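The compositional bias 'Low complexity' annotation in TrEMBL covers 365-380. As annotated by TrEMBL, domain 'Cation efflux protein transmembrane' applies to 35-255. Among the features that TrEMBL reports, region 'Disordered' is placed at 352-390. Annotated transmembrane segment per TrEMBL: 34-51, 63-83, 103-123, 135-155, 201-219, 226-246, in sequence order.
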């Protein structure tokens, strides 16, 4: 017996919910390093943008966008920490892992939009190239490179590490791969860093810094300001080419597609399940990725009527759980269709009595004798236990009319002979005795 409150308190605002979840993340000491690097990133980004304005360098602006991307990656790392603290709820039965997938997708897409903005500004600069001041160009390059590498190597960002390994290779990595193999042949100790493929984030930072250094030297030596715009285009293209495979991979995860690298393993497991004792059919299988590294799926399994449901369920789950972390298996037993017990319409493809020729024959009296077999005629037999779509079963007799004279062969039975050109009659007239032609009764069983 509690007090009834007719007017409930209003729900907490979006800002209040955000503050509550932020306090939950900040309570973990492992998140303090991420917050510290996030604050340093904001300070560094502001300084770099001021230097971009003073130097009038488009290449340094394009390189500064990589520092902004580091800020997005730190936010993604915080979201990943928050996901590990949250438990599944009725609204999010699979957990909150898709939030970090969405964060990775949004970060890579925003950086690609920034690269497109750099390309658009660079095209305008090619028409009228302004003068570039090199006073802080080289300083800004090394400050951005140092902070970017420090952030990448100091903070373990699990979502981006997983995506960089699972996504396809970028064109920049493919071009550097041959050089890396040659270099590792000379210095084998670098194979752990450069092979099988170099970290795409470290590679784009080193390539951008090298491009800026070349720009600085050409402007200082030849006063060639157009090279700054060309360097900005190169950095923008490298950024777009590096982030695009990650956007595609995370986008496929958001679309709940089946990962291409596990399709072969899933087919092998499904074939093993179909060969289990009692399993008749495996159908309606669907598998998708909930988050990075977590696979969910559902499958329907049809089993024999005498099979043990719990035993089959245990075996199916044991086979698939090695690859699918969240699995739903629906077991249903095989069921034969009995048309004689059906009160509604028959399924498509099933032949009913009306599809055959003529109405069903009338029951015969028990004491009546069949003139052909001289055995008592039985009442209509009960319907068969199983019914198949066989046109010859339970079909009405086909009567062949004859107009030839009747011949008697003894025993008092009359047999008629029908020519080839006789017409087929679908009547149910029982052959009897008398003068004139008699029909021949042929029963297809």
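Including glycine, each Cβ sits where the backbone N, Cα and C put it.
Please treat TrEMBL annotations as automatic predictions, because they have not gone through curation.
Keep in mind it's a predicted model, so treat the numbers as computed, not measured.
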**OP:** Could you pull out which residues elsewhere in the chain have a CB under 8 Å from any CB of the transmembrane segment (103-123), counting only those six or more residues past its ends?
**Re:** 58, 61-62, 65-66, 68-69, 72-73, 75-76, 79-80, 159-160, 163, 229, 232-233, 235-237, 239-240, 243-244, 246-247, 250-251, 254
Original post:
Residues of the same chain, at least six outside the transmembrane segment (63-83), with any C-beta under 8 angstroms of its C-beta?
Top reply: 21, 24-25, 28, 30-31, 34-35, 37-38, 41-42, 44-45, 48-49, 52, 95-97, 99-100, 103-104, 106-107, 110-111, 114-115, 118, 140-141, 144, 147-148, 151-152, 155-160, 204-205, 208-209, 212, 235, 239, 291
Original post:
Taking residues 6+ outside the transmembrane segment (201-219), which of them lie with a CB under 8 Å of any CB in it?
Top reply: 57, 59-60, 62-63, 66, 132, 134, 137-138, 141-142, 144-145, 148-149, 152, 160, 164, 172-173, 176, 225, 227-228, 231, 234-235, 238-239, 242
